[in-house]
Amino acid sequence: MSMPDAMPLPGVGEELKQAKEIEDAEKYSFMATVTKAPKKQIQFADDMQEFTKFPTKTGRRSLSRSISQSSTDSYSSAASYTDSSDDEVSPREKQQTNSKGSSNFCVKNIKQAEFGRREIEIAEQDMSALISLRKRAQGEKPLAGAKIVGCTHITAQTAVLIETLCALGAQCRWSACNIYSTQNEVAAALAEAGVAVFAWKGESEDDFWWCIDRCVNMDGWQANMILDDGGDLTHWVYKKYPNVFKKIRGIVEESVTGVHRLYQLSKAGKLCVPAMNVNDSVTKQKFDNLYCCRESILDGLKRTTDVMFGGKQVVVCGYGEVGKGCCAALKALGAIVYITEIDPICALQACMDGFRVVKLNEVIRQVDVVITCTGNKNVVTREHLDRMKNSCIVCNMGHSNTEIDVTSLRTPELTWERVRSQVDHVIWPDGKRVVLLAEGRLLNLSCSTVPTFVLSITATTQALALIELYNAPEGRYKQDVYLLPKKMDEYVASLHLPSFDAHLTELTDDQAKYLGLNKNGPFKPNYYSY
């Protein structure tokens, strides 16, 4: 460590000068050695990764470009490994086969399968309950003969679910419910394992529907079960393949958007198969929706914008379970949080939790971040976007991309500038910029990752719902939408308690009689809201 030149101690000035000259000589000698050292590239497997490659599509781009064009400009987030050398080639144009010679899939790059397998193995470590279910039921094969067509986010966690369904006897064909949430390496690992998966990160709208159709439309294979997230797959089969839809034995739906569509079909008398509403099961609502979003909202915002939340003014549209999770996280970091709500009960909960309930128009000019999580459409309109302050961040935590009116921004007078993966600056003629994340699609799964343990709870619930519908005797479930039986919810929860070394208290016979309960549950009536 060199000493300051000024004001040396008396009698040691010459010694310090000589010491500094020696230190400088050693430093320059070391630098010369480093600069002469041969440069080495880092190598993963057989692929050379050049870290000097950056996206070449810089500068502003017109919003008159189509959705499909802008979708292909997406580059993978830190959550997903991507070989940038073939980003410009659509997977639909590639001829790929796995190690077994099968080409019954369409993914970004089958060569990423080994990397994806490691991701799945990591996820399995924190999904012990689902693995336990797999081991318990594997011998019985309760899904033998089931042909499940699925449309969910394709991540390491859902891969564990898909492989569990296969281990229980099902045949599966899978597509993605979101054009940005697929982890390419995980899709490759599933394809290598023999799952017919059609998905990649950055699909266009046309690609999205093509992938769904490839899952459904295959000679010699007809689905008899549907696992959906958002209702797009169910809608496609209902509209395009009505004969297939009539032969479906059951539908399992996990999102509020998809459940809403099912209830609409049921009300119109057009739902000709039984369906299980997983979204409103306790193990989905109170854990995935609340705790998952409480952690992943910050992850998604931090990765994309590097924003500091202390003192920021944030408006969260909707105070359901997702909204509650988001608000709790934002408040904990010192943000000033406003709520918009249509439901007086949720609004009162927000007030009692210390938040101010407002109309969006009242705060839109002053807030720094706008987050939607309502499941509705046009919650944030062009009028709201026009009135936002410069650099306001806009994102969606609901399943569907209908909450923010992104279509209204695709006009010639506005300019889009892609600044990083899933982050666009929408620029007004006066220079004002609005920061739009994931083009209004689901933030956490498009721009980051979600906690594995919470997804284990949801995945176990989905697996049990499929087993229940597939094995139910004729007449148990009619052509309607059902909630998961309470006993099954409690079973899912009990499978996850050992992870915390939790020990349940058991009722005595006298206590059970006093409460009018079975000692083994269910412990709450169906109307209990937890």
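In case you wondered, yes, glycine gets a Cβ from its N, Cα and C as well.
Note that TrEMBL annotation is computational and uncurated.
What you are looking at is a predicted structure, and each value in this text was computed from that prediction instead of being measured.
The feature substrate binding site is assigned by TrEMBL to T155, D229, E254, K284, D288. Annotated NAD(+) binding site per TrEMBL: G320, E321, V322, G323, K324, G325, E341, N444, in sequence order. Residues or ranges marked as compositional bias 'Low complexity' by TrEMBL: 64-83. Residues or ranges marked as domain 'S-adenosyl-L-homocysteine hydrolase NAD binding' by TrEMBL: 289-450. What TrEMBL records for 53-103 is region 'Disordered'.
Closest in space to D288 (substrate binding site), of the binding-site residues given as G320, G325, E341, is G325, taking the CA atom of each residue. Nearest in space to G320 (NAD(+) binding site), taking C-alpha to C-alpha distance over the binding-site residues T155, D229, E254, K284, is K284.
For the binding-site residues shown (G320, G323, G325), fewest C-beta neighbours within 10 angstroms: G320. Counting other C-beta atoms within 10 Å of each candidate's C-beta, the binding-site residues K284, K324 are led by K284. In this structure, the CA atom of G325 (NAD(+) binding site) is 20 Å away from the CA atom of D229 (substrate binding site).
Its Cβ taken as reference, E321 (NAD(+) binding site) is surrounded by 23 other Cβ atoms within 10 Å in the chains shown. Cβ neighbour count for E254 (substrate binding site): 26 (other Cβ atoms within 10 Å of its Cβ, all protein chains included). If you average pLDDT over the domain 'S-adenosyl-L-homocysteine hydrolase NAD binding' (289-450) in this model, you get 95. V322 (NAD(+) binding site): 28 other CB atoms within 10 A of its CB, across all protein chains. D229 (substrate binding site) sits 17 Å from E321 (NAD(+) binding site), taking the C-alpha atoms as the reference points. G323 (NAD(+) binding site) sits 23 Å from T155 (substrate binding site), taking the CA atoms of both as reference points. Maximum C-alpha to C-alpha distance over the listed substrate-binding residues T155, D229, E254, K284, D288 is 18 Å. Across the structure, T155 (substrate binding site) and N444 (NAD(+) binding site) are spaced 12 Å apart at their Cα atoms. Annotation for N444 (NAD(+) binding site): same-chain Cβ neighbours under 8 Å, separated by at least 6 residues, are C292, C293, S296, I297, D299, G300, M397, V450.
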